[in-house]
């Protein structure tokens, strides 16, 4: 090989080597370095352990079990064949249940945030600091609706976290969790923000932050940090079919948690605005049925009697498009916005009613402590009426109307093959509206059913066990 050609090969090799080094350096720069963040934030993250005393139902050796409640023949068998030992009085022994979780210090004088489910019903709460010292904690208050709890330990000059703004958090942003999964203190995991504003079943007042950060039992109550080292959420839940982490974790936005903690510190409880409605999502078929251009808003499925919405003129079948200028994209947006108001504050609603836009001003009330439940009543023997939907219906009795807070409607007595069976209607279901029209009686129901359009989504309001929702169906040609 000639010398010029050898030089050419060597230069090409050197160029490739340099390019590889540059690409490696760029890749290293693209990946975040969490070390400084962890060193600065870890001291303010704590382990939380609880103890709870529970009645011990175990039977001591040689002791006669409590046979009360057994059928006579079994009780006689055990009394004949087991040694006659004195029975243990109920509740005279106790066992101790323990649980583990995480938390973080938000003030140098000892206020600690964690999850409600970490400390619920605890008789004793121990906070272990990063230096492994332990402090007894006092429960300042809890808010089960957001799963936030505020604790207080005696201390001075304690390390604290920096609080961020969860509203500024962006999907795709790097985040990091520090906690005690399975009791392993100060374990660090990282990931990205997968989505914002998630709503989970039974958690309508929290717009959760979804991440792919590995969260396991013991992480609950621990902080979720952004890359600035600021807490942007409280790790709260995971979605799993295996019992372990599956890539879906949910954190309570720190803005929500701080608002709750401030109220707990000041009043010992949390106050929220309340409209007094049951709402549901507007899907494509419902949007077509109610004359909307696209699926959006919150459909009012039920208006509670004497509630703020009823007094303010909101009606069943209204679609709420915005509140105080903020659009309702998903139905879950409404509880978040209403919950942020105080008793007596105004909610300016933009709605669609019968295809027309209009505005309502409603003074919100205070969210009751207990959920409102409406009984289903007992079925009466009113005259039946059949129709083209494949259902046999009857008028509601006066008792049913009172129980369900309805002025009219019909109860399904029988479901035959047809559209009703296909959409899952059952005997006992109550229908109050059909094709956006209120139903007064079985006769009216049949008359409206005769005029239903074909090959177009038609809405029907159904109450099952006191719970109302709109469903849609289509009649074929």
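Here the Cβ of each residue, glycine as well, is placed from N, Cα and C on the backbone.
Feature annotations, reproduced from Swiss-Prot:
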ACT_SITE  117  active site, charge relay system
ACT_SITE  147  active site, charge relay system
ACT_SITE  220  active site, charge relay system
BINDING   218, 219, 220, 275, 276, 277, 278, 279  substrate binding site
DOMAIN    264-355  domain 'PDZ 1'
DOMAIN    361-466  domain 'PDZ 2'
SIGNAL    1-27  signal peptide
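Looking at the domain 'PDZ 2' (361-466) alone, the prediction's average pLDDT is 77. Once Cβ contacts within 10 Å are tallied over all protein chains shown, the binding-site residues 277, 279 are led by 277. Secondary structure at residue 279 (substrate binding site), as computed by DSSP, is strand. Calculated from their C-alpha atoms, the gap between residue 276 (substrate binding site) and residue 117 (active site, charge relay system) amounts to 27 Å. In this structure, the C-alpha atom of residue 279 (substrate binding site) lies 22 angstrom from that of residue 147 (active site, charge relay system). Take the Cα of residue 277 (substrate binding site) and measure to each of the active-site residues 117, 147, 220: the nearest one is 147. When other Cβ atoms within 10 Å of the Cβ of residue 275 (substrate binding site) are tallied across all protein chains shown, the result is 29.
All protein chains included, residue 219 (substrate binding site) registers 29 other Cβ atoms within 10 Å of its own Cβ. Around the Cβ of residue 218 (substrate binding site), the same chain contributes 100, 101, 102, 179, 180, 181, 182, 183, 184, each under 8 angstroms and 6 or more positions distant in sequence. Using a 10 Å radius centred on the Cβ of residue 276 (substrate binding site) and all shown protein chains, the other Cβ atoms total 23.
Cα of residue 117 (active site, charge relay system) to Cα of residue 147 (active site, charge relay system): a span of 6 Å.
With respect to their backbone Cα atoms, residue 219 (substrate binding site) and residue 147 (active site, charge relay system) stand 14 Å from each other. The number of other CB atoms found within 10 A of the CB of residue 117 (active site, charge relay system), across every protein chain shown, is 17.
Residue environment of residue 220 (active site, charge relay system) contains 27 other Cβ atoms, counted within 10 Å of its Cβ in all protein chains.
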